[in-house]
Amino acid sequence: VLGDLAKNAADRQARPKGNDVECHGCATMRKAPHYSRNPKRAKVPGALTHADFKTGTHTGYAGQTVALVLLDDATDVCRVFPLASKDKAAKALREYHGWMRSYGYEMQRLKTDNEPVLTGGEFERTVNELGIRPERP
């Protein structure tokens, strides 16, 4: 699955850039066009992953109150990890890292906001242990 998405991402990167390129939906709609992919985006799966928390309004069956959202920049693949608390994020990152490796891709950079849980403690140690370079605003 991830390999197919990587191929699709590479195909999108190979398309000509500029104001004359638009997605199919935009070409058929009357609204102003939404131009495809920013050329600064990652070209290889795992090169850049975005991480953030999403807090829900309901509690999950196992007591989950928050979710860690991990988004691969090259493929737009999004994995959501429901968590009982934010301090469980390191375990979710390890699971995501293993999942990426199972498809033959290495996580290189992880972009987060300045959420205290994502900038220190166990999560930061896990990022360093896995050899991922953290990026922050």
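Just so it is clear, glycine is given a Cβ too, placed from its N, Cα and C backbone atoms.
Looking at 1-20, 21-40, 101-120, the range tied to region 'Disordered' in TrEMBL is 1-20. In terms of DSSP secondary structure, the domain 'Integrase catalytic' (41-137) contains 30 helix, 26 strand, 41 coil.
Along the domain 'Integrase catalytic' (41-137), the predicted structure has mean pLDDT 91.
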